[in-house]
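Notes to accompany the following structure.
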Amino acid sequence: MSRHGTARGSAANRRSPVAVESNEAFEAFYRKQGVVAEELWDDFIQTLRTPMPVVVRINRTKPHWEELHNSFAEDLRWSQLPWFPGAWQCDAKDYDDALRSQCSALNKSYALRFQEAASLVPPLLLEVKPADLLLDLCAAPGSKTLECIELMRENGHKSSQDGETGVVIANDADAERCFELLPLITRKARYPGCAVVLGNGAKYPAQFRGQDDQLLYDKVLCDVPCSGDGTLRRRPHCWKSWSVDFPLTLHQKQLLILCRGLHLLRPGGRLVYSTCSMNPIENEAVVTAALARFGGDVRLAPSDLPKELRVAKCLQTWWVPDPQDSGCFYKSWTEVPTSQRKPSGILVESMFSSGELDPRGCFRLNPHEIDGSGFFVAIFTKTAHRSFPVQIPSSRLMPEIPWRARNENNRYTVVSTDNSDVQSIVKFYGLRDLPEPLVAEYNIKGKLTQLNLVNSALLQLLQSHLNCKGSPLLVSLGIPLFKVLDDNFMTNIDVPRWRPAMEGAQILAQKMEKRVLRISLEQMRKLLMKRLLPMQSLLTLGTGNELKGLESCEEKLGGAVVGTMDGTFWVPCIITGSGLELYASLEEVGDPLPKLLPPLRPPVISATEEVMVLDKPSGLRTEDALRFVQQKHPGAELVSRLDKETSGCLLIPLTALSAKEFTQQFAENKVQKCYVAVVHGHPPEKGHITEALRLVQLGGGTKYRAFVDDTGKAASTRYERIWGKPGGPSVLLAYPETGRTHQIRCHMAHLGHPLIGDTKYGGHVTFWCDRLPLHCLSLVARDLSGQILKCFAPIPEEFLAALVAVCDGELQGEQWQQLFREKGQVIPKP
Ligand SMILES: C[S@@+](CC[C@H](N)C(=O)[O-])C[C@H]1O[C@@H](n2cnc3c(N)ncnc32)[C@H](O)[C@@H]1O
């Protein structure tokens, strides 16, 4: 069985729906459009009702990314998306709190990004090259922009071209969303050729480098605003609000943005149009209308898709709903009543199908096939460009940057290297070769506040002539390198007013010969938490091995950068009379080297050619443990199970013959087991529970609960209390003589002593135990030759910590292990 995300069977088959969401109009609309074949309808609709898997994209431009990649490969909860390098997928139900907090920490430090599978596709199909001019017309909140930048860098490394020579313009029409995008671009991507721009994509200006020399983009991404019904799995509340009308209001806007993107594309360039909507009026209709508008100058680009990526053909015909008459649909513009064919009406001619679409350049990503959101993608290329004649001055480039910023004071100017501020920075920080070109940023009060690094290609683009009255607004430009210090700081001291900026610290650390400090990883973590290293500690650390480079701060006071010894993480700081103060916090920048949880992979306790016994960790499903075994032994099968939250010995036969043998041994209760359990209260010292159990399926899904019921199956559990005080809790050894589902849990609950935290059976959660305290300590069976097979799984760390807490430290971890080694062995039956 493959571990690849798309190869584990359909999403709907693997999961049960969590909520029965529905909308009759939605189902009627999409059935009529024929978006999926009738026989796949149930799979499609069921998938839309199941939670999305979590998908992460490892940032392969970061140091240590391979370590992270390997840790995902080791962990059975993650499967790799075979069509996207570095993307991993985890089932929603395996994504527990521990995994969530680990991934959030990794996301914060930009070791990975969360991005659903289908959304990875549009940037991938842009085929970005390191030196491309790329325009992302609808960029916020920025996942795809970031992905494009990473791909540019990666492709740059592959072709050993400098990966930083391209340009990425991230435009969005929504100011708030632009500001959401900002930290991603400046803090995470840190790409000198990137500008964030606020403007209407449909009116993005034409730019000219000279007479009849229009600046055109190599790549354009139009990930347009859409009704978003492909993301119902992520936003189940939208089932209720879905209507046929809303998408109709978006069609023209989408078409205008696409047409603008196509106009700005260079001949031979590539444009990707995408939506997370499944509606043909927002998808195929927009594409056909744009093709018609450009005559033969643009066409769909047949593309080689990764072979493992499952895509569905685009529609060639579709129905347009009448917004005034529910249930009424039109196939062609001529069918629309004349009264509705007004220029101001909702229905427009471009919504109707006209002409064939090349399915090799235009396709759908169906939720049930990609196990993600529904998406639509079309790839265009251009064969000819028609420009409008414009009168522009004869000089090729403008001396200044004609783009507006947020107001007239807030502007950007090109900075020359002999500028006196720049000279003082070079001297103070010992800058070997000053990164350039630099632009100065003036804030909205007109005060010079920042020096930003851009690259030459971006500067040229910004100095070209804009063919419009007011330009879109520049929200950010390049990478901030230096920031001005507060006016009232160190007024009488002869140090420059400039300190390194957070965004540029990494670049500066490679170029500065002075004022570069390195500290150990542990000290860096402490510093990020406290943000201040008092002067005395700074001086003390500076004399030892934990801090290096203090001698490079001749003047002592003033800006500096501080990083980890391996040089992979840098932040700006300032040395003042009180010590070293950091301009960053752990909250903002994340951990320099987030700790990885040990991968969830079961250790093997014993293995022969016929049978393997694993020490299954809590949190791993038995089915996933089986997959691990099947990687080497494809014939392995399950004959017994442990609940996901239960840890310990799990026996898996490796061949059909041994499966038959062990099935029989389990059925005849010949496999002896001993479990450790922590229960509420103080049960009698020894007991034997023989109540029959009946298993009931919950909510039509794969969840079960056992009940004591005379009509159920015979069940027998012996137990012995090995630690406990009146009032509880108590630690037991339990010996199930039968193998019913949830047997120990249900039997103990029936006795009035449910397991701690076992809320399904009436247990209560405690702060000292965050897993089900049930562990299969030992197991005895007979192998195929009749020899005794005896296995023992020591108590896992987190369970041990809970036991120490239960007894208030009366027994320490090793003492508990020793107790179990002595008492927890099962004596084989003769
Ligand atoms: C689907 S989202 C883009 C998602 C983004 N590409 C990403 O991957 O994170 C569409 C974006 O288009 C923006 N938008 C809406 N109308 C626009 C217009 N006329 N021009 C440019 N952007 C627009 C919205 O503010 C929204 O941020």
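Cβ coordinates come from backbone N, Cα and C, glycine included.
Database features, via TrEMBL:
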type: ACT_SITE; residues: CYS276; note: active site, nucleophile
type: BINDING; residues: CYS138, ALA139, ALA140, PRO141, GLY142, SER143, LYS144, ASP172, ASP223; note: S-adenosyl-L-methionine binding site
type: DOMAIN; residues: 44-383; note: domain 'SAM-dependent MTase RsmB/NOP-type'
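All features noted in TrEMBL, drawn onto the structure.
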residue : record                               : DSSP class
CYS138  : S-adenosyl-L-methionine binding site : coil
LYS144  : S-adenosyl-L-methionine binding site : helix
ASP223  : S-adenosyl-L-methionine binding site : strand
CYS276  : active site, nucleophile             : coil
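Close to CYS276 (active site, nucleophile) in the fold, though at least 6 residues off in sequence, lie ALA118, SER119, CYS226, GLY228, GLY230, THR231, SER373, GLY374, PHE375, each with a CB less than 8 Å from its CB. The record gives CYS138, ALA139, ALA140, PRO141, GLY142, SER143, LYS144, ASP172, ASP223 for S-adenosyl-L-methionine. Within 8 Å of the mean position of their Cβ atoms, the other Cβ atoms in that chain belong to ASP136, THR145, ALA170, ARG177, LEU181.
Using a 10 Å Cβ-Cβ cutoff, LYS144 (S-adenosyl-L-methionine binding site) registers 24 neighbours. Around the Cβ of GLY142 (S-adenosyl-L-methionine binding site), a 10 Å sphere holds 25 further Cβ atoms from the protein chains shown. Mean pLDDT, taken over the domain 'SAM-dependent MTase RsmB/NOP-type' (44-383), works out to 93 on the 0 to 100 scale.
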